[in-house]
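Below you'll find the structure, written out as structure tokens, and then a few comments.
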Amino acid sequence: MGTINYDFIEEFIRQFIPERDALLLEIERSAKEKGIPIVEPEVGQLIYLLARIKKCKAILEIGTAIGYSTIILAGGLEPGGRLITIEKDKEMADEAEKNFQRLGLSNVILLKGDALEILKNMVSTGNYQFDFIFLDAAKGQYVQFLPLCYRLLNTGGLLVADNVLYKGMVANRDLLKRRKITIVKRLKKYLNQVTSHPNLETSILPIGDGVSISLKV
């Protein structure tokens, strides 16, 4: 189950999520066995629907892991659209690549390397603009990612960030663990910035581990 909601709420909601592809279910099991974090099923359904609603032609994902959310987002692309996803961990990136090949996802481009450096290069070339950016990488770097994501996001585009309530610690000091103080401070700073930004309209949803949705206006 997730980390911020009652189990019975999550179990009830998940009854209404469409049945997932066999490979997605296999990836879920593999991630659980290996302790690899992936989005909760209800978060997966949310980002899929947002991509469909926005009729996305270009999606950027920061933090591929083994490709679970990438596959979900790719399913929401418009015909002819493309998805670029970034992963620093070589072992996970290699596994994600195999999963994409198994599904024949020719519209997915996997970039291996440091996300901050890759984003800076994207901004400097001026050749990249996205309708939807899904941020699910190092939580302590969200604040650093934000200005780069903003530059790369089309007006009317969505910036969606996962784990923004971080096991409830962002909202409740009683849950805060000493070794997580820095991450929690930085996530709070990120939320302060996306909710006060003059050109972003933001909502924070208590699903999964907390999701923020920001519209560039």
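Cβ from N, Cα, C; glycine included.
The DSSP secondary structure for D136 (S-adenosyl-L-methionine binding site) is coil. Per TrEMBL, S-adenosyl-L-methionine binding site is recorded for V39, S69, E87, D114, A115, D136.
Secondary structure from DSSP puts D162 (Mg(2+) binding site) in a beta strand. Annotated Mg(2+) binding site per TrEMBL: D136, D162, N163, in sequence order.
Counted over all residue pairs in V39, S69, E87, D114, A115, D136, the record's binders of S-adenosyl-L-methionine, the longest Cα to Cα distance measures 21 angstrom. Secondary structure from DSSP puts D114 (S-adenosyl-L-methionine binding site) in coil.
Just so you know, of the binding-site residues E87, D114, D136, D162, the Cβ with the fewest other Cβ atoms around it within 10 Å is the one at D114. Cα of D114 (S-adenosyl-L-methionine binding site) to Cα of N163 (Mg(2+) binding site): a distance of 20 Å. Around the Cβ of S69 (S-adenosyl-L-methionine binding site), the same chain contributes I38, V39, G44, I47, E61, F134, D136, each under 8 angstroms and 6 or more positions distant in sequence.
In the three-state DSSP classification, E87 (S-adenosyl-L-methionine binding site) falls within a strand.
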